[in-house]
Amino acid sequence: MGPFVPYQESRPAHHPSWKPLVLDGGQEEQQQPRIKRDDSSSSSSNHNNKGRPVVQEEHNVKDNSRLLVQTLNGLVRGTTKTALGDTVDVFLGIPFAKPPLGNLRFKKPVPIDPWQGVYDAQHLPNSCQQERYDVFPGFRGEEMWNPNTPISEDCLYLNLWVPTKLRRSATNNSHGNGTVLIWIYGGGYMSGTSTLEVYDALILAGTNDIIVVSFNYRVGAFGFLYLDDEDAPGNMGLYDQALAIKWIKDNIRSFGGDPNSLTLFGESAGAGSVSVHLLSPISGHLARRAIMQSGSVNAPWSYMTAETSKRIAMALVNDVGCNSSMVGVDTPAVMECMRAVEAKNLSLIQWNSYWGILGFPSAPTIDGVFLPKHPKDMLKEGGFSDAEILVGTNQDEGTYFILYDFIQYFKKDDPSVLEREKFLEIINTIFKTWSQLEREAIIFQYTDWDHIENGYLNQKMIGDVVGDYYFTCPTNYFAQKFAEHGTNVYYYHFTQRSSTNPWGQWMGVMHADEVEYVFGHPLNMSRDYTTSERELSRRVMKYFATFAKTGKPVADDTLWPIYSRNEPRYFILNGEVRGIGHGPRATACAFWNEFMPLITARQGTVYRFKSIELILYFIFV
């Protein structure tokens, strides 16, 4: 589904410790730099004629020297903002990679070159190439997730929000020690941008004395096209993320931050990305801690086998008029054709391979490099990052998705009465590639047998199926496996239905509803949140910041106990209710994580049974 400091002596751009994490694997494109020098004596314009921030002559910005920071690439200039009485220095749109244009399209990111002069970092960057959602035109519940800056392939920039007191600690003689939260946005690996208003980290940073950084990464085919070739290696979006994190780690001291105190946090595909970095040998060493909100790489929408990913890529090659039969024969010619396709056409046509609810045509690929093995195998084997993790889910993860994919059955504003026949039709559609036995098991598990014709319960059960299978149960599995390997795991379950929620009441506490609380938006007094919602937001921010600083969301483990397989205890996040729960969704997740694998493994020996009771008897007897 989604803003430094005094001058410092900088290491040379090619200092031995500056080792780019990734290279493009081939010849770099010789192109004009995106950051152009403004040779005018006037500083009235902050952008060149292509809409990109310009590098200004130093003499134009001396009055703002206190907001200058020396990065490894050059000087950047930000601005100061105030939130709830706290001042925060904000830097927006700093480039960390060359624009992935022309010959760099579909390749791994290439680190940005050094620049001369001062980079003007006061404007939100472009959003990466993607399509907008316009199912409900003008509806703020949908519009808040659409890109709010120009859409472009030239989008690899990052943003920083630094409490002024932390920035001032970074002087020539003392390095900063501020804790850093690094945000990765969601959007199903098909959409999203760091620039969304809901991701504005001004309040989060200012009220919690913590540095917050966000960045863009390529989505869709631009970020995940996989042809098992250096011109389309797959996982480019993950390499974008890794390069951005590496840039942050190498430069954050200049902003008052501690490079050894980085915590990744993200929601949905952002959480899936965070979990990839925890497992990956490419990036597993970069962060100390991680927060995963409603997503994990073992979720069915968050990874693809190399075979599936390549099949989708081959279909796209054909759909845009290039010849997939030449892949492996003359792949450079195929990629030359692919790079010549208009970005908008690629962005639209890639959706031809959408195969149903959460069946996005782009996702992290098990490529043998970034993801060496199947995520579940990696979780079972261990040997991954020992970072402490905080994970969580929301009460009604599935309702958002069933509305969009089955809009003929559900209404945005009002609850729908879902007849038994339609309930069965939706289950069989969602799991159309599954065996009849598996589908019958799902129907059995999610039928309220005392109220089989209750249309409102049938509607709720469909939401539960999607929420459990795609989000809650994969998150539980991930948390359990990390805990089994000795990692401290904390779990939250978000159950607050916001008074300002524009979606129908039946949709409950939806996927991504916690995000506004994480970033402190209820504390904006111009918005009509309740007092308890404002207090909940303060608590959520404090929990996240405290976890990033100490590895625990609260000091006392009796108040928020560690999560384990045998004691799967979670902390309830709600404005009115506090306490510890067990699970969440323990019975449903036992079905998905324990029982369904048995059915899948045994179904080859099971023939046609007329009742699910006989199937269950056969399996367990």
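Counting starts with 1 at the first residue shown.
A Cβ is built for glycine as well, from the same backbone N, Cα and C atoms used for every other residue.
Some features that TrEMBL has for this protein:
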REGION    1-62  region 'Disordered'
DOMAIN    68-592  domain 'Carboxylesterase type B'
ACT_SITE  SER268  active site, acyl-ester intermediate
ACT_SITE  GLU397  active site, charge relay system
ACT_SITE  HIS511  active site, charge relay system
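Sequence features annotated in TrEMBL and their locations in the structure.
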| residue | record | Cβ within 10 Å |
| --- | --- | --- |
| SER268 | active site, acyl-ester intermediate | 28 |
| GLU397 | active site, charge relay system | 29 |
| HIS511 | active site, charge relay system | 26 |
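With respect to their backbone Cα atoms, HIS511 (active site, charge relay system) and GLU397 (active site, charge relay system) stand 5 Å from each other. In this structure, the C-alpha atom of GLU397 (active site, charge relay system) lies 10 angstrom from that of the residue listed as 'active site, acyl-ester intermediate'. DSSP assigns the residue listed as 'active site, acyl-ester intermediate' to coil in the three-state reduction, placing it in neither a helix nor a strand.
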